[in-house]
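Before any comments, here is the structure.
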């Protein structure tokens with residue numbers, strides 16, 4: 001028993017050391033990568049600033065050198081041309097050397113960054129191997145999000161979602177059947193309307209639509225005058241205002257409901273009747 005307890009204690013300590021070691025290593029590598037990224041971004045702005053300063057001071061020194069040459073040699077043109085060429089050449093040489101120096105340091109930083117990223121990726125791969133991440137993640141993904149949905153959906157879904165899944169499969173089967181029948185002998189309008197009614201019911205979250213059932217929340221809109229059946233549905237508990245496109249008969253259930261409420265209320269006595277009672 002004591003040996004088992006000792007193994008358990010050593011195992012827990014090893015796990016803690018394992019996590020601490022990888023956390024420290026990955027944190028250090030990530031910090032170095034971040035510092036190099038920041039240095040690379042700053043170096044470009046520093047180079048631009050140095051280039052602009054070098055251009056400004058180089059032009060200023062060139063003007064001073066030409067002025068001194070003009071004053072010393074009394075405007076002798078060959079000396080002025082040589083001085084200008086030397087100053088401009090020196091300026092170009094310094095700018096080229098600065099660019100090369102920046103490229104040298106920048107390439108070194110890029111190589112360090114690539115090396116650190118490779119070490120970081122290698123550490124992660126080693127961590128995955130030691131923790132069996134690839135095997136466990138595939139199992140977790142299968143049973144949490146349902147990789148094999150046809151098998152796992154029947155296990156994980158409750159009865160209501162399972163019933164909805166069966167309804168959708170039935171609609172899919174009926175659609176394939178209707179397609180075959182329409183190619184052979186054509187599809188009747190009544191059958192297509194019934195199938196679309198079922199689709200509306202499933203998408204609305206209810207069962208099959210039945211305008212004659214008192215339990216259905218939906219009812220098909222039918223004109224009471226000419227008995228024209230529309231392809232529209234309404235909520236049975238909500239009043240509507242509808243004008244039939246065939247006979248122009250108007251259905252105003254809002255007004256009918258207000259009239260019914262007023263009829264149920266007791267009639268208020270007039271002012272003369274109140275005075276007589278007094």
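Any Cβ shown, glycine's included, is placed from N, Cα and C.
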- Message: Need the matching range: Swiss-Prot marks transmembrane segment on one of 15-35, 78-98, and I'd like to know which.
- Response: 78-98
- Task: Among 198-222, 223-247, find the range that Swiss-Prot records as zinc finger.
- Result: 223-247
- Do you know which of 174-194, 258-278 Swiss-Prot annotates as region 'Disordered'? 258-278
- Query: In the zinc finger (223-247), how many residues does DSSP put in helix, strand and coil?
  - Reply: 0 helix, 10 strand, 15 coil
